[in-house]
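Taken verbatim from TrEMBL:
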- 47-69: transmembrane segment (TRANSMEM)
- 251-271: transmembrane segment (TRANSMEM)
- 278-296: transmembrane segment (TRANSMEM)
- 334-355: transmembrane segment (TRANSMEM)
- 375-399: transmembrane segment (TRANSMEM)
- 472-497: transmembrane segment (TRANSMEM)
- 518-538: transmembrane segment (TRANSMEM)
- 620-641: transmembrane segment (TRANSMEM)
- 662-682: transmembrane segment (TRANSMEM)
Amino acid sequence: MENMEQNQGTFQRQHQQDLKLSEVAGYPRTFDPNFKGPVAKRSCTDVLCCIIFILFIIAYILLGLVAWVHGDPRRVAYPTDSKGHFCGQKGTPNENKTILFYFNLFSCTSPSVVVNLQCPTTQICVSKCPEKFLTYMEIQFMYRTNKHYWMYYSQFCKSPFVKPAKTVTQVLLDDDCPMAIFPSKPFLQRCFPDFTTKNGTLTVGNKTIFEDGSGKKRNAIELRRAANRVNKILDARAIGMKVFEDYATTWYWILIGLTIAMLLSWLFVILLRFTAGFLFWVFMVGVIGIIGYGIWHCYQEHSNLQGRPNSHLTIYDIGFQTDISMYFQLKQTWFAFMIILCLLEVFIILMLIFLRERIRISIALLKEGSKAIGYLPTTLIYPVLTFIFLSICIAYWAVTAIYLATSGVPIYKVISPERTCKHENTTCNPEIFNTTEIARVCPGAQCNFAFYGGKSLYHQYVPTFQMFNLFVFLWLINFIIALGQCALAGAFASYYWALKKPDDIPQYPVFTAFGRAIRYHTGSLAFGSLILALIQMFKLVLEYLDHRLKEAQNNISKFLQCCLKCCFWCLEKMVKFFNRNAYVMIAIYGKNFCRSARDAFNLLMRNVLKVAVMDKVTDFVLILGKILVAGCIGVLAFLLFTHRLPMMIEGPTSLNYYWVPLLTVIIGSYLVAHGFFSVYAMCIDTIFICFLEDIERNDGSAERPYYMSQSLLKILNEPSMQTKKH
């Protein structure tokens, strides 16, 4: 007992010396010495910001209602023909015509496709795609012997004809029918050529050479080259279908993996209370072992590729490929993965060596945090509430964005295949286009549907409304996160400032802290989240400008843009750190955001050495826990999806890309673990700030006792003793 009192006295004297130095440096203390815990009697803070926030929410709701009135999501769900009519819409002549058909696919290689995002050819709605090769000239001859051929061909014309009486020239001028049809298959409700490979030769409908309807011979390679823009969609179709098949095969295994990740995270959170030190070294050994297994696997794959043809090629040699599996056939890919994992392994080992003493302190803090969570188990359920709120915001933003994007009436523009028409991109009326001067001056030009818009005041400001939609979305997302942090901080602060634990802990601390944050501090939370939303909005604007002006930039502008991105990234991280601590001070004292942020900053600066010891090292421990959960589930999923566990359990068979469900399981498991460990992180941050307040306000005497536990005082006393000796 005497040694404990002596340690307390030594610690208090050392801390008072540190405080005097910090006050000289410009970080004064301002507090009520009679403070006994989170303030119960409060008043509303940052009322002006609260009013502005509520007005923005009302405007956001009104925007959603206006977008709902003017928008039409069917314009996203259904393809649109050249006249702006929906394909497959019920109650219309196109109800049974659900697929979009292109008259001349060769014209889709026109440069205007890049500018207008529209293929300069007539597009109509059909009930099915062509299944055979036919040209208009062939139909004219076949009609004399069998009218059935014309009945089949006419379904791909704009309007029904009794017989093919028009000449080829008239058909070209009037654009009534396609000059030729090719075997096609529907994808995304659009007809695309049915490309197949037969004995290494590209074919269309088992043909390599065919007529294009204008008297020219074409081959499958030429068609694929001519439809270069469509090829990307076709490649995406192949990958998309394979990915969909993989998800359809493994969806229940993915759910099982996420459920195991949730149970494993919960188990770790519970065990941290009793075996924090043991679990930490389990984390360490587990992470090092998982990375080591990854290094071994990369080495094995690299060795297996020795002597295989083309395995010596580099990623630069093969360029960009939509078939991701091609990269895994290169030795360079596995060598790069092995080097990255080796560097990560060395980094973690060095961190363990040089931070071993600080990690020991962090383990003790984890034990104290787990004790608090043990008294407040409802805090582990709060991430579910945050997830629900975030899901609602994301869904509302997405729906509003879709309705805004589909607002307006069909707008038609002149599109010329060769972009030689001076009226290119001008608006037109498809009903009378063939009788106008433009059709005579620009032969071959089309009046096709371009987009939805209008000339009203609402339609002119749709882009602005989209920006407003994005900004309020970011504001709401940051507000929900801030609300969760403040509510959890209030609950954990009530635990810390209870002198007799758990008898003095108030009932329903999470519910009480949540209600207090909503009732009194909505304005302060909105203020902090507004600052963060503005920074994130500027980052998105920079990304947008970088994407749009990428080709027009020089080296200097690229360098300046990289500097701006780096500055905003650092600013965002710094603001998140100060906001988090400001919310803790708001939960404890109930002051406004600026006052709380200033007090938190001064408090941390007065104890900067302790902050350096506790904050990042503890975060490092929790991050390792997340990696271990995701890594364990990832290893099991990898062994399952690659059939490495045939004796224990039979996994899904015939996967196209095993890494698709594997990445889904790993990322999902990490997010699940993040939800649980984020509660721990908030708990430790709150306890640490409360501890700093405790040692500044109290001296451990009978009149002013410490609220911290004796074990926590011993943990944080040792660094101060060592500092004094040095």
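Quick reminder: no glycine exception, Cβ is built from N, Cα and C everywhere.
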Contact between the transmembrane segment (518-538) and the transmembrane segment (47-69) (at least 3 Cβ pairs under 8 Å, separation 6+): yes
Feature contact check the transmembrane segment (620-641) with the transmembrane segment (278-296), CB under 8 Å, 3 or more pairs: yes
Long-range environment of the transmembrane segment (375-399) - Cβ separation under 8 angstroms, sequence gap at least 6: 64, 266, 269, 469-470, 473, 476-477, 480-481, 484, 487-488, 491-492, 495, 501-502, 505, 508-511, 675-676, 678-679, 683
Maximum Cβ pairs under 8 Å to the transmembrane segment (472-497) - stretch from the list 47-69, 251-271, 662-682: 47-69
Interface present between the transmembrane segment (47-69) and the transmembrane segment (251-271) (three or more C-beta pairs under 8 A): no
Residue numbers, six or more beyond the limits of the transmembrane segment (47-69), whose CB comes under 8 Å of its CB atoms: 396, 399-400, 403-404, 407, 458, 465, 468-469, 472, 475-476, 479, 522-524, 526-527, 530, 593
